[in-house]
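*Asks:* The domain 'Molybdopterin oxidoreductase N-terminal' annotation in TrEMBL covers 50-90. Per TrEMBL, the feature domain 'Molybdopterin oxidoreductase' maps to 94-562. Residues or ranges marked as Mo-bis(molybdopterin guanine dinucleotide) binding site in TrEMBL: 156, 366, 475, 479, 522, 552, 780. For 680-796, the entry in TrEMBL reads domain 'Molybdopterin dinucleotide-binding'.
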Ligand SMILES: Nc1nc2c(c(=O)[nH]1)N[C@H]1C(S)=C(S)[C@@H](COP(=O)(O)OP(=O)(O)OC[C@H]3O[C@@H](n4cnc5c(=O)[nH]c(N)nc54)[C@H](O)[C@@H]3O)O[C@H]1N2
Ligand SMILES: Nc1nc2c(c(=O)[nH]1)N[C@H]1C(S)=C(S)[C@@H](COP(=O)(O)OP(=O)(O)OC[C@H]3O[C@@H](n4cnc5c(=O)[nH]c(N)nc54)[C@H](O)[C@@H]3O)O[C@H]1N2
Ligand SMILES: [Mo]
């Protein structure tokens, strides 16, 4: 299924990698039009086409007001979150006007830092707001140096090649000076740093063997902490939802499925999978137990290890316990992961006897020592020897943005750049422009420890002095762990500026808040599917901006103008000029690939996505098939050109928390851990009806809230032990903090684990008091703020234990979804 019925074309034989590198080997498609205009003109009651993280849709407007976001007819599985997407325009939590915290406005930067979050804002004019921001940028840079301005500004801003607010922030700052940036991301902070040593690539964002290929060839599908039917609702660009037809094909094929997860997931349910629930954070031990069985029973593929990997000989003594006296047997692993040893032995035999695909999600590396999990999975896959074969091996993005949907032949849209002189192609958000760069989740540590040195991926960095933070398109008061530690750190700041569309906890803790437009109040252009790249979609403006919202582009243009760089910032181009320019460049690139895109006006007026073809070889793509076929010609990007099961580079770093081969290490706390104080593990999963914190302030909340709070899932056995009933308001607490939640008792979760999704809005009962009870339910009050290890310095959003009790005190009102006082 290719979603491109407008076009009679077959795709050329291009791999995603080859055209990303720009070697446009376009074949045999010269001059064919990609779609005919006759099929167009779907405006009027059909609505206005646009796109968002949740997919392509049509905005239906009546009397200037959006009344429905209707899914695109070719979306194989529209996201149930779309009503909330529309409501994000109008909800009570929308930011309406530029606002400044009263103490900051009246007494200056740094005044009454404890009062942040208390809601005492003053409405100001746009003119005054721009002046305050521009002056403060100058003051901070002149007083403390360029590095004192932190503009890492991580987060899931809206898609679009122009209105990328983070690029635009850095564009304005690069044109006027410098700043401290951040590197890496929260999604795969640990894995993306270690995997280049192991497989020579970031790996976590690479295309997987396609679902088509799996349906034909896979005999055992293992979803290991991997849940496509929730997580592929969204994409970084505009979602294609190709995971749904992919999973449907697997279901039709009758492929046996195993789900290794503390939760019985949507994917497990749909595929009637066998549910295996180890203790969270013990996957490395479990994998070692399986690996040991493989070796002991001679089920491992020595020929594969010899030809395609390096360092197995140095891993083996650890596996067998020759150097530490502890063989990593199934019995040893069983003690740690809580599953019967026979289950592990059985898994080893089944993995080895079937064509097995190991599909790993990201949660397991968002944990203390998270680097080890992906390394151990690849070690296990290498021992099974199926990497590069149809239907076998491993895949790290089956759950993410519909990885495994075939990649189409398409030009890559080039976004407005950050004026740093760097290319914005590829994984630009992983690179760090700016004066200094810190690992993305280490900004709290940095605020609290300026001047301290930190190890990071083999080098030492000095943490800069930060006095101002500028955030656009992200919600650090949601995404960062250990909220109370963060509150302490925030008191070091003179100034915190936020642009957002919604009154998030971050906006509430800001000194200057500027109302940004949503994507639906401006024009843009984007691609559909991060892996599929199936269409280019006009992201058309649906309604006029509400209240005084302005686009980030225009806000930064005004600030740049104040700082003398207005023209350099805009280049004298309007929004539609930029869109046209980006489209025209793509048109040229597509011609080099043998395709002819329609002229811009035809594309824009067609009011629908422009389809691109998919080549047969992409439909049947097998990850690492080329390497398997010729490991010399297609060597991996590692030191040895092979999978490294032992890394000499990592050995040289000598980190006590990241040894040179995959290793089981106790996390600081875990379910039934040796020194763990609290009895319940927190599964801080990604939510079903939100994108992180996005849409928590909308109608979607009504579909999941319990007693007006964030749900806390609990197994009936744990509820009974505590005398709790379904629907109770509970207090969830540990030494780091406390929050309320609404209890949902369900046997979809294993005993000993409670699930509280990340992204619930932080709503402290007394904002001036650190440690105050959160009335709504932000799980990051309870998770740990420590880093995964010295290697990656990634976040540990899935590390945390707590206790749950009924809350019988007076119930604090949830106030976080209304306007702060003004
Ligand atoms: N405990 C725990 N914590 C986690 C995770 C976990 O699994 N467990 N997951 C982590 C992961 S993987 C991630 S990616 C992060 C996500 O963290 P974030 O990306 O920070 O979370 P979002 O809620 O998506 O925040 C995006 C914000 O940008 C705003 N926004 C959207 N479009 C625009 C725009 O055009 N302009 C402006 N100015 N603002 C806009 C939205 O309204 C929203 O407030 O959370 C991390 N935190
Ligand atoms: N609907 C929706 N989709 C999303 C997002 C969203 O916010 N909402 N966010 C997007 C983003 S930015 C990202 S990075 C990805 C995140 O993708 P992931 O990090 O893979 O997603 P999670 O939901 O955190 O976890 C996936 C599964 O791992 C299980 N799990 C948790 N801990 C463990 C463990 O210790 N061992 C094992 N075996 N399993 C465990 C969880 O129960 C869950 O079923 O999702 C993306 N997709
Ligand atoms: Mo993420």
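Backbone N, Cα and C define each Cβ position, glycine as well.
These numbers come from a predicted model, not from an experiment.
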*Asks:* Cβ under 8 Å to the domain 'Molybdopterin oxidoreductase N-terminal' (50-90), counting only same-chain residues 6 or more beyond its ends: which ones?
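*Replies:* Counting only partners 6 or more residues beyond its ends, the domain 'Molybdopterin oxidoreductase N-terminal' (50-90) has Cβ contacts under 8 Å with 1, 3, 42, 156, 158-159, 233-236, 238-242, 244-245, 501-502, 518-521, 526, 528, 535, 537-544, 546, 609, 689-691, 694-695, 697-701.
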*Asks:* Note the mean pLDDT of the domain 'Molybdopterin oxidoreductase N-terminal' (50-90), expressed as a whole number.
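*Replies:* Within the domain 'Molybdopterin oxidoreductase N-terminal' (50-90), the model's average pLDDT equals 98.
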*Asks:* For the Mo-bis(molybdopterin guanine dinucleotide) site as recorded (156, 366, 475, 479, 522, 552, 780), determine the largest distance between any two Cα atoms, in Å, rounded to the nearest integer.
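*Replies:* Between the most distant Cα atoms of the Mo-bis(molybdopterin guanine dinucleotide) site, 35 Å.
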*Asks:* Tell me the residue counts in helix, strand and coil for the domain 'Molybdopterin dinucleotide-binding' (680-796), as DSSP assigns them.
*Replies:* 15 helix, 31 strand, 71 coil
*Asks:* Name, in the order they occur in the sequence, the residues of the same chain whose CB lies under 8 A from the CB of residue 780 (Mo-bis(molybdopterin guanine dinucleotide) binding site) and which sit 6 or more residues away.
*Replies:* 478, 479, 480, 481, 482, 483, 684, 758, 762, 797
*Asks:* Can you break down the domain 'Molybdopterin oxidoreductase N-terminal' (50-90) into helix, strand and coil residue counts using DSSP?
*Replies:* 9 helix, 18 strand, 14 coil
*Asks:* Which residues does residue 552 (Mo-bis(molybdopterin guanine dinucleotide) binding site) neighbour through Cβ under 8 Å, counting only same-chain ones at least six apart?
*Replies:* 163, 165, 168, 169, 472, 473, 499, 516, 517
*Asks:* Can you tell me how many other Cβ atoms are located within 10 Å of the Cβ belonging to residue 366 (Mo-bis(molybdopterin guanine dinucleotide) binding site)?
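*Replies:* Its Cβ has 28 other Cβ atoms within 10 Å.
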*Asks:* Least buried of the binding-site residues 479, 522, going by other Cβ atoms within 10 Å?
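*Replies:* With the binding-site residues 479, 522, fewest surrounding Cβ atoms within 10 Å: 479.
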